[in-house]
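Notes for the one structure printed next.
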Amino acid sequence: MSQQYSYGGGGGAGYPPPQMQPPNSYAQANYQGQPQGAQNQYYNGQQPHHNAPQQYYGNDYKQPLKPEGFEGERLQPKPKFRDPIFLVLFLLVFAGFIALSVICLRSYSNADVNVSIGRANVAGSTLNGHTAIMFMICCAVALVLSFVYILLVRTFPKIILEATLLLTTLSNVAFCVYLWVRGNTAAAIIFTIFAVLSVIAYFFMRKRIPLAKLILVTVIRTAEQYKSVYVVALGGLIVETAFSAWTSWVVVAAYQRFEPSGQAAGSSSSNASIIGIMVFIVFAYYWISEVIKNIAFTTVAGIFGVAYYNANKVANAAWGAFRRSMTYSLGSICFGSLIVAILDLLRALFNILQSQAASDGDMTGQILACVAGCCVSCIQGLVDYFNRYAYINIALYGNGYITAAKETWALLKDRGIDAIINDSLVNIVFNCGAFIIGLLTALFAFIYEQLTNPRYLQNDAGYYSIVLLVAFGLGFNIALSVGAGSIASGVSTYFVALAEDPYILQGKNPELFEMIRQQYPQVVQGVNH
């Protein structure tokens, strides 16, 4: 009778822990993979008939993602709260955001500020209920566009890959041309370099599209088997949308309550107060939004981990992954999200400084702010890239954030998967899609404001930048939560699982395994410690 292995939230026959030694070399033409007995061990659930297991990684028998001191099974770690300090800090910030919301919204409600949908010439000299309702409609628009986009990705993966890669390159070139036409020399020089690099990258990455398409289709098929992937992504999207709408009202109410010209202004209203309040709101929004997205990401990563390591479908995989993300691993998620939130805040600050320097005609300040903003953006990109695989480690083992990041990064480098990740086009699909949806949402906001022509825009056209920036941010965040929370999460999880045990993929999808072996032969070689 075959032995069963369960790495998920329920029963079912799975694959035994990897303990075999991969072959050291492969013939290009007649490669057959593992010995038949080893494949039977994996795919029929049979134990090997030798006295001692072969060593798979190094001189110990620990699984490659398994950190030092790990206790428990894969996807079923020993219950222990990780990084509790950051969980406490997050709860304090969240409580502060709730308290500020109550204060602002109560004052806003008591002041009886005019609220209307589509009404022209709305009274008031600052953002008001008209703006908040418009932001809520923007959230609904972004929600619909996100569903349409993910449906297109599921239906036309190759076309979407081709189109997004081309659009990304063309948008970089177009933005560069726009900066030169506008006379923004400092930013134009920097983005010219980016545009040239993007054109070079386009021709280099285009030949990787067949592999990216195959990976994308494989993950989508897995998601069809575990439909809870879409349920979790939808749940995260709804929570993200609701929180974005909540924040929209808080932003408007804060302006009305703390700006001297607001209709609900009190004794504590001042320019300094509104600046401090808005900094806190923006920071809290970034952090809480990141936590929401990363909870969904970690949960979906756990589901895909269960799917990869188990031969049969596992029941309650989503609930087990979600429970761990919301309890023992929440502190680690808050830790990683805090780093990104701080970088988001710094990037927004440098963008404001650059705009102010441009309006003042300060070329030196504009250049410095632009360079600083670009540096922060680059660092943020690296952190985002790093965090994805740390969260996957957390999903698989419930590890602490720092240890998870170090363990996963070391494994990815040693297994050669970093080459695949760098060449992967899948993330471009969802990043580009989120950017396009953000632009369309901002365009909707612009048309809406043009048609309604509220009074605060008549008094100060500078509010257009605030409205469009918030609308773009809402659309971008909502769309990104869909892509990063479902298919892209599965792609990243499969990369990590492939690094740990590529032979499971060989049995489940020989075509994908063979393509990866041909382009990245180091992936199916043993790890040297």
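Placement of Cβ uses the backbone N, Cα and C atoms for every residue, glycine included.
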With the domain names in Swiss-Prot as our guide, do F81 and A488 land on the same side of the membrane? no
As a test: from 133-153, 231-251, 363-383, 428-448, pick the stretch that has the greatest number of Cβ pairs under 8 Å with the transmembrane segment (272-292). 231-251
Using a threshold of three or more Cβ pairs below 8 Å, and leaving out pairs closer than 6 in sequence, do the transmembrane segment (363-383) and the transmembrane segment (159-179) count as in contact? no
Could you give me the DSSP helix, strand and coil counts for the topological domain 'Extracellular' (486-529)? 35 helix, 1 strand, 8 coil
Beyond a gap of at least 6 residues from its ends, the CB atoms lying under 8 Å from the topological domain 'Cytoplasmic' (347-362) belong to 184, 187, 282, 369-370, 372-373, 376-377, 380, 465
Where among 133-153, 231-251, 326-346, 363-383, 465-485 do we find the most Cβ pairs under 8 Å to the transmembrane segment (85-105)? 326-346
Contact between the transmembrane segment (465-485) and the transmembrane segment (295-315) is defined here as three or more C-beta pairs under 8 Å separated by at least 6 residues; is that satisfied? yes
Contact call for the transmembrane segment (133-153) and the transmembrane segment (465-485): at least 3 Cβ pairs under 8 Å, seq gap 6+: yes
